[in-house]
Amino acid sequence: MSGRGKQGGKARAKAKTRSSRAGLQFPVGRVHRLLRKGNYSERVGAGAPVYLAAVLEYLTAEILELAGNAARDNKKTRIIPRHLQLAIRNDEELNKLLGRVTIAQGGVLPNIQAVLLPKKTETHHKAKGK
């Protein structure tokens, strides 16, 4: 018979996201759209959103790992803003990067000036020895 039917043309390949091609969890397509809509420049290269998504994913993973450690130190299983604050402020580089950022419900780092701490007196021990 005449071979018109389902056999002829090539089957279209399953769509693969740019995030999965780059091995990322963050959405490369969304980052690309936001770069185009944000009036940062007239044109956006193909590699720029991939790179930016990778940087954002790395920073997020770093902060979440440190916040998870802070939560575990406080015997908690859920990360709260306080744990994020402790993680960022105790890390020198993240603190520098996010120095001007305020985290809602984050609180402050516990800090007591050395001058205000009680003095360890040596005279007390010497008096007992005499």
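For all residues, glycine too, the Cβ spot is worked out from N, Cα and C.
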Listed residues Gln85, Gln105, Gln113, with the one flagged N5-methylglutamine by Swiss-Prot: Gln105
Alpha-carbon distance [Gln105 (N5-methylglutamine); Lys119 (N6-crotonyllysine)] in Å: 34
DSSP-derived helix, strand and coil totals, residue by residue, for the compositional bias 'Basic residues' (7-19): 2 helix, 0 strand, 11 coil
DSSP three-state assignment (helix, strand or coil) for Lys37 (N6-crotonyllysine): helix
